[in-house]
Amino acid sequence: MTAPLHDTGAETAAVDVTAGAPAEAIEGRSPWRIAWIRLKRDKLALAGGVVVLLLILVAVFAPLIVSVLGHPPNEFHEEEIDPLFSVPKGSWGGINSDFLLGVEPRNGRDVFSRIVYGARVSLLVAFLAAVVAVVLGTLFGIVAGFFGGWVDTVVSRLMDLLLAFPQLLFIIALVSVVPDSLWGLTGSGVRMGVLIVVIGFFGWPYIGRIVRGQTLSLREREYVEAARSLGAGRGYILLRELLPNLVAPITVYTTLMIPTNVLTEAALSFLGTGVKPPTASWGDMLSRAVDHYEADPLFMIIPGLAIFVTVLAFNLFGDGVRDALDPKGSR
Amino acid sequence: MSIPGQQAPGGPEPILKVKGLVKHFPITKGLLRRQIGAVQAVDGLTFDVLAGETLGVVGESGCGKSTMGRLITRLLEPTGGTVEFQGKDITHLGVAGMRPMRRDVQMIFQDPYSSLNPRHTVGTIVGAPFRLQRITPEGGVKKEVQRLLGLVGLNPEHYNRYPHEFSGGQRQRIGIARALALKPKLVVADEPVSALDVSIQAQVVNLLDDLQTELGLTYVIIAHDLSVIRHVSDRIAVMYLGKLVELTDRSSLYTRPMHPYTKALLSAVPVPDPGRRIKRERILLKGDVPSPISPPSGCRFHTRCWKATEVCKAQEPPLVALEPGHQVACHHPESVPEPVAAVSTV
C-alpha cells in the first residue's frame, strides 16, 4: 500500500481551511464581474467605450441636439454660399457660431446637423446588421458544431461560399433592382432595410465559424456528458450548457464587427448605393466632398473624421472587451 | 455464459448485469462516410456488479475502461450485448427512456476542470439534477444543495461561487455532490482522482469510502492507479484491449494474480521501501499495446506475453472461474491452485 492514501492529516487540514473561511457574506464573483473589473482597468478600452456611448447618445437624441445647436439637416442656406464659386462664405468651410461645422458647398446645408443625423444611419445600419449576423451566425454555428455530420458539412460549405462571394458587387447590383417600397417601408427606409439584411447576411459566416469551432470544442467537455448523465436533452444542453459559454466570444466578435459594418455602410453610401439622398449619411457627404476638396477641404475632413473616430472607438472598445473576457481564462 | 462462483449463495444480488458488451467506433473515410474499419474499444465484457460492493476496473490507457463506464451509464450506445440494471434491460433505451434510470445511475468524471460548467454557480451545478428530473427536494433545492455541499466537506455558504474559485480537490467534491444529489444506487466513477494531487487523492478516495458506508452506494471505480484501486475495491476487474482478462476479489488479485498481464501490472506498482524494491521481481512488458483497430488474433495479450504459445495465437481464451470467485482468461494461468487447495483458500 502506498502511504499517501492514508494521509488523513491533509484532509483535516483542508477541511479546516474551508471551515475557516470568512463567515460573513460569501459572494461569488461571476465570470462577467471579473471581466468588468478587468475592463475597468483598461484605460484605452474605457475611452473607446465612452466615445461609443456618446455616439449612441448623439444618434438617439439627434433631433433634440439639432434643434438646440443646429438647423434642420435638409434646410438650404444659400445665403451662406459664395454665389461666384459656390463654396461656403468665409474661411474654414463657413464655420461660425451659427453653423458649428460649417455648411455644405452649393446648397448650404448645416454640416453639424448632417453629421449628427449621419451617425443615426451609420449606427443603426451597423448595429442591426450585426444583430442579423449574430442571430444567423449563432444559430447556424451552434447547430453545425453540435450536430456535426452532414449538417456540419452543408453549413460549413455554405459559409465558405458566402465568404468567397463578391459581396460589394452583389450589394451594388441588388440595390439597383430593389423597388422603392418594400416591407411597408419607403424611400430611405427600404435602402436601410436592404443594407441591414445584406450586410448582416454576408457577415454571419464570420460569427458562424467562430461559434461552430467553439461548439465543437465545448461539446466534448465533461460537463456536457454530466448533463446527459442527468437526463438532459439536446435543447437543455444547447441552451443551458453551451450557449452561456458562447456569449463571451459572440460579444467580442459583435463589438469588432460593428466598425466593419460602419465602414461598409459608408463605402456603399459613397458609391451611391447606400441610403437615398437627401437622408444624411457620412459616406454620401464624403462623395459630395470629392467635387470641392480643393476649395473646401474641411467638408471632406469632417465626415472622414466622424467615420475614423467611430471605427477607432469601437475597435478599441472591442479589443478591451476581448482582453477582459480572455477566452484562455474561461476555465 | 453462466458465471459460477460469482454469485455466492446468500450473497448480495447483482444490481448491474453486463453480458457480452461490445462497443465498436466506426472509422469512416471519404465524402460518403464509407466505413473502413472500427476501433474495437470494448469487445465482449461479461460481469456483474453486486449491490453495495465496489468494483474496481484497471487497465492501461486505451484499454476501453472509460468506454465501458460510459456504456453502463448509457452515455454511449452499445454495439452489442446487454446491460441490465436492477433487472431492467437498459441497453438501447433512448434519452427519454433513460431519464428515470438516471436517478439511480450516476457518474463522477475524471477532469474536475472540464466537468463543471464555468458559467454556472456551484448552486446551479449541484441543483441541476433536481431541475432536470423535476424533483423538488424537501425544504427546497437551495437547502438540499447546501446539505449536499456539507456532505462532501465543502462550505454550504459557497453556494453562489463559481467553479474557478475552487481548487481541483474541491471541484471534484462538487462533482461528487452533483452525482449524489438524486440518491443514486450505482455510481460509476471514471478516474475520479487521477487528475488530482496525491495528497488530495487521499481525501477524495476517503470521502468516496465514507459516502459509501453512509449512503449504501454501489461503486464502479475506473482507474489506472493500482494503489487507488486496491484501497477502494472489493472486487477488481483487469482489462486489456477491450477485454476482461481477470476478475476477482481484491486480496486474491494482489496476492495471487493468475493472468500474466495482471502479474506484470502489479510488478509495476512503485514500492516505497527501497529495501524491498531490490528483492522484487520486476516484469517488463515488451512493446506497446497493439492497436484496437486490428487487435491480435487469439489471446490479445499474446504479442507481449512471455508465456505465449501457438494456442494463444490461434484460440481466444474464455473468461472462466479457475477457483470460486476468481475468473481468468488465459491458456497458461499463473499460480493455479490445486483443486483441493482452491476450496480452502476462499
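Cβ atoms here come from the backbone N, Cα and C positions, even for glycine.
Annotated in TrEMBL:
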{"type": "DOMAIN", "residues": "A:119-318", "note": "domain 'ABC transmembrane type-1'"}
{"type": "TRANSMEM", "residues": "A:44-66", "note": "transmembrane segment"}
{"type": "TRANSMEM", "residues": "A:123-151", "note": "transmembrane segment"}
{"type": "TRANSMEM", "residues": "A:158-178", "note": "transmembrane segment"}
{"type": "TRANSMEM", "residues": "A:190-211", "note": "transmembrane segment"}
{"type": "TRANSMEM", "residues": "A:298-317", "note": "transmembrane segment"}
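Counting only same-chain residues 6+ beyond the ends of the transmembrane segment (A:190-211), those with a CB under 8 A from a CB of the stretch are 121, 124-125, 128-138, 140-142, 144-145, 155, 158-160, 162-163, 165, 167, 170-171, 174-175, 178-183, 246, 249-250, 253-254, 257, 260-261, 264-265, 268, 274-276. For the transmembrane segment (A:44-66), same-chain residues at least 6 beyond its ends with a Cβ under 8 Å from one of its own Cβ atoms are 72-73, 110, 112-113, 116-117, 119-120, 122-124, 309-310, 312-321, 323-324.
Long-range contacts of the transmembrane segment (A:298-317) within the same chain: residues 44-45, 47-49, 51-52, 55, 92-93, 95, 101-102, 104-105, 111, 115, 118-119, 122-123, 255-256, 258-259, 262-263, 266, 282-283, 285-286, 288-290, 292, each at least 6 residues beyond the stretch ends and with a Cβ under 8 Å from a Cβ of the stretch. Long-range Cβ contacts of the transmembrane segment (A:158-178) within its own chain (Cβ-Cβ under 8 Å, at least 6 residues beyond either end) map to 140, 190-191, 194-195, 198-199, 201-202, 204-206, 208-209, 264, 267-268, 271, 273.
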